[in-house]
Amino acid sequence: MLWVSIIFLIFTATNAVELSGILKLFTPNDVILSAAADNMVSKLEKEYMKYLETGVETPTFNYLTMQLGSSRNGMDKYVRNIHKLKPVDEFFVCVVCRAMVGVIDRTFRDEQNDLNGPKGDVVAKKIAMDACQRLKVQTKEVCEGLFDGHWPILRYIIENTSVDAKTICSFYIQFTFCNVADHPKFNFNLELDDADQPSIIASKSNRGRKTSKDLNILHLTDIHHDPLYEPGSLAECDEPLCCQRHKSLAIGTPKAAGYWGDYRECDLPWHTVNQAFTHIRQAHADIDYIFQTGDVIDHMMWSTSMAKNKVVYERVVKRIYELFPEVPVYPCIGNHEAHPLNLFSPTYAPDSVNSHWLYEFLYDIWSKWLPADTKETILRGGYYTALPRPGYRIISLNNNDCYTDNWWLFYNGTDMKTQLMWLYETLLAAERANEYVHILAHLPSGDDTCWNVWSREFNRLVRRFRETISGIFNGHSHADEMHVHYTSGGYAVAVTFNGGALTTWTYKNPNYRIYRVEPKTLQVVDHETWIFNLTAANIAGAAESPRWFKEYIFSEEFTDDLSPAGLDNLLEQMADNPRLLEKFWRFKMLSTDQRLRKGCNRSCMLKTICRLAVTVNDQRRRCEELTARLIKAMDSSYE
């Protein structure tokens, strides 16, 4: 009887559309909350179809859209990933995604509807713009720009696949109550030659030792240069990226953008990018290699173009080449390099919606340092392998294959198997040649925006080649962090290092990393992070360059054992000592003034320890063990 009463309450609340009441009753992972979302989706989709067919806005239609529109929590959906959203925003995104995809799906696939005729694009835009404004999704300018850029590809995908709204939104919103759809057509397993591999009975503990011949590798990531940045312009705007205009409204107010950048929803002006590169050139004369793990383009996602992206990318990368002419640069592709944003097509897609233009452009630039034999795979999919010296192999992936904002996943989820099988074959050849490997990729495999099927199979490869892979290097999260890879038995076998971000977006001090790498086995034996304080830099303004300083050296603050076993042991120490974990969080947040003032509460601490131990989103055994220990430690500190 209790469950009957709960379900009755939920559906009564949903019929009244009082979202705050629903979300007070249940956690975002509750199955019943998912049922409430389904019920609202059904009603909203039905009412929207009535409106499109008759032009009449019924009272129910107006009430549904009004409640949803007023429920959104400001900018949260545009500056945070799904796992960081509040329950009310998760509910909004889930309902709007399912309902509007459902409306377009039903309308577009109905052979009697205008969307199948010459008016299709006009009608689709009308639907999208109406929903955008009615539900207060974003400004008209942003919605129109996103639609114009993305619709041709979305239309092609809708026309050529039968994927439904629930499946699409389950891809996009993984690991919350919204993810209830099964994806049998989008699942696959790599065929690995690992039958004779010995069982893993312990964490990988062989550790490199510092030597006088250690390599120094510079890690640059998430540069996000904004060519339209205007010091003194409005830093608090209605769009996902600010600091570009409305200077007259900002002059003399705290809303004015700083000279060197801004902590709010803003990217970097050219003079800051150039100053950062110049500083690195002067401060580090001993750099052996540069890793650049993606996202050179800004966050003006509604206003990208092939021409603009090319100009920005070429300007940034050519400056790196100019300042470091003798240092080999190994890049990979970020999700922002694409136009339209996030979309990376399979090779067989028609020319009108193909990503081939991007791969040709990048090869022309990258070929300064990359060998000629990388051309085939770069043109095929934006990935490559290179041998900087005998015994040392670099593999650069385009793992936007796993990015849940890449709509081509909906077209054929098994397309991504091609690159992963290439990775397997490349690692197998490296193993046989006694080479050690560094893997570069933009997205961490445990990120909530990386599809779990891809991350699961990638982690199978990491476990299989644990003795060959000496390090994995990512970006994307804009956080100075790391991730430990585990077997199903809980043994640590590899480590991913994340280099933070040069951009300030959002609430971060600009940073870069220097790795110290032992030259024989290519293990990272230490790393240091450099930052400048943006508040202080902006107070000085144009009269003085930012004062970069070494924020911390990992071995001095945490441990000098950076093997998987050593870092797993560090995670246990963090779980038992919340103050140690809090120190890690401060460095993860790049000592940003606003972040430090706000602090890291209990929920933040639990998420921080869990993220360190997750590289496949639905494999959370080690996360759960560590969070249980952390809860116990935090509770005992208050006794």
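Each residue, glycine too, has its Cβ placed from N, Cα and C.
TrEMBL: automatically predicted annotations, no manual curation.
Copied from TrEMBL, the annotated features are:
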- 1-16: signal peptide (SIGNAL)
- 90-182: domain 'Saposin B-type' (DOMAIN)
- Cys94-Cys178: disulfide bond (DISULFID)
- Cys97-Cys169: disulfide bond (DISULFID)
- Cys132-Cys143: disulfide bond (DISULFID)
- Asp222, His224, Asp295, His478: Zn(2+) 1 binding site (BINDING)
- Cys237-Cys242: disulfide bond (DISULFID)
- Cys243-Cys266: disulfide bond (DISULFID)
- Asp295, Asn335, His442, His476: Zn(2+) 2 binding site (BINDING)
- Cys402-Cys450: disulfide bond (DISULFID)
- Cys600-Cys604: disulfide bond (DISULFID)
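Cβ proximity to the Zn(2+) 1 site centre (mean Cβ of Asp222, His224, Asp295, His478, cutoff 8 Å) flags the following additional same-chain residues: Thr221, Ile223, Gly294, Gly334, His336, Gly475, His476, Ala501, Leu502, Thr503, Trp505. The Cβ neighbour count for Cys604 (disulfide bond), using a 10 Å radius over every protein chain in view, is 14. A separation of roughly 18 Å, to the nearest angstrom, links the Cα atoms of Cys237 (disulfide bond) and His224 (Zn(2+) 1 binding site).
When the recorded positions Cys178, Asp295, His478 are screened for a Cα within 10 A of the Cα of His442 (Zn(2+) 2 binding site), the ones that qualify are Asp295. In this structure the C-alpha atoms belonging to Cys600 (disulfide bond) and His224 (Zn(2+) 1 binding site) are separated by 26 Å.
Proximity of Cys402 (disulfide bond) to non-local residues of its own chain (separation of 6 or more, Cβ distance below 8 Å) is seen for Met416, Leu443, Ser445, Cys450, Trp451, Trp454, Ser455, Phe458, given in sequence order. Close to Cys178 (disulfide bond), meaning Cα to Cα within 10 A, are the following recorded positions out of Cys132, Cys169, Cys266, Asp295, His476, Cys604: Cys169.
Take the Cα of Cys97 (disulfide bond) and measure to each of the binding-site residues Asp222, His224, Asn335, His476, His478: the nearest one is Asn335. Working note on the binding-site residues His224, His442, His476, His478: by count of other C-beta atoms within 10 Å of each C-beta, His442 ranks first. The Cβ neighbour count for Asp295 (Zn(2+) 1 binding site), using a 10 Å radius and every protein chain shown, is 26. Spatially close to Cys132 (disulfide bond) yet at least six residues away along the chain are Gln138, Lys140, Cys143, judged by Cβ distances under 8 angstroms.
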